[in-house]
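The feature Zn(2+) binding site is assigned by Swiss-Prot to HIS133, ASP134, HIS137, GLU149, with sequence analysis given as support.
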Amino acid sequence: MSAQKLYASHVPLAPLSRMLLGIGSAVTAISDPKRGDMVAAMGETTAIGPVLENIRKRMESDVVGKRLLLEKPRISNGTIDRKWLRQLPDGTLGKLYSNFLDRLNTSPDARPTVKYIDNLEHLYVMQRYRETHDFTHIALEQKTNMLGEVTVKYFEGIQYGLPMCVTGGIFGGARLLTKNRQELVDRNLPWVVEQATNARFFMAFDWENHFEKQLSEVQKELNITPLSVNM
């Protein structure tokens with residue numbers, strides 16, 4: 001077990017407890033993806049130190065990523081002015097993010113707080129991943145239906161190497177209807193592999209400083225070619 005509680009929400013776990021929680025949360029999350037608490041627990045308990053450290057190092061090697069690690073900005077109701085976002089022009093990242101949240105009737109604070117990470121630097125990496133997941137959907141122009149989620153999970157799995165993302169892509173893909181599974185294999189997967197490989201590292205991007213830009217401009221900065229362009 002960790003020697004001490006490192007932050008307010010921290011729940012130190014003994015190795016056996018971590019393993020059991022990881023297995024249990026994985027089984028539940030795979031069978032019922034709507035269980036956000038189990039998806040979050042699975043993500044944290046399976047995010048082994050070397051994977052998070054690799055993400056941290058990649059962020060540190062990027063000018064913007066290094067600043068993010070230093071300043072540790074958060075994306076929450078307290079830091080995002082949603083009223084201002086709603087007033088932004090159509091097509092901007094901020095307006096699309098606002099529409100995304102409104103459509104799902106959710107908020108930035110709906111993301112579970114990290115609890116099971118035993119390293120303060122890795123804590124921020126995991127929290128940042130969680131808080132920027134919605135921007136990945138927007139940048140890739142992927143819906144929050146099963147096909148869209150699986151496509152995003154494959155992107156994140158390739159870019160970040162997080163076991164939860166890899167597992168979510170594989171098992172989520174297996175749960176798709178035959179038609180959607182074929183669409184994933186024939187169209188989305190080849191595209192998302194190319195995008196994840198060639199795009200800028202999403203974890204080292206300061207999304208909150210680009211709200212007033214058109215999505216097409218943000219995609220250009222990220223080196224993302226929308227799937228619709230290839231159709």
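Glycine is treated like the rest: Cβ placed from N, Cα and C.
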>> What's the number of neighbouring CB atoms sitting within 10 A of the CB on HIS133 (Zn(2+) binding site)?
In response: 16
> By a simple count of other Cβ atoms within 10 Å, which of ASP134, GLU149, the binding-site residues in the record, is least packed?
Replying inline: GLU149
>> Centre the Cβ atoms of HIS133, ASP134, HIS137, GLU149, go out 8 Å, and tell me which other residues of that chain have a Cβ in range of the Zn(2+) site.
In response: PHE135, THR136, ILE138, GLN142, THR144, GLY148, VAL152
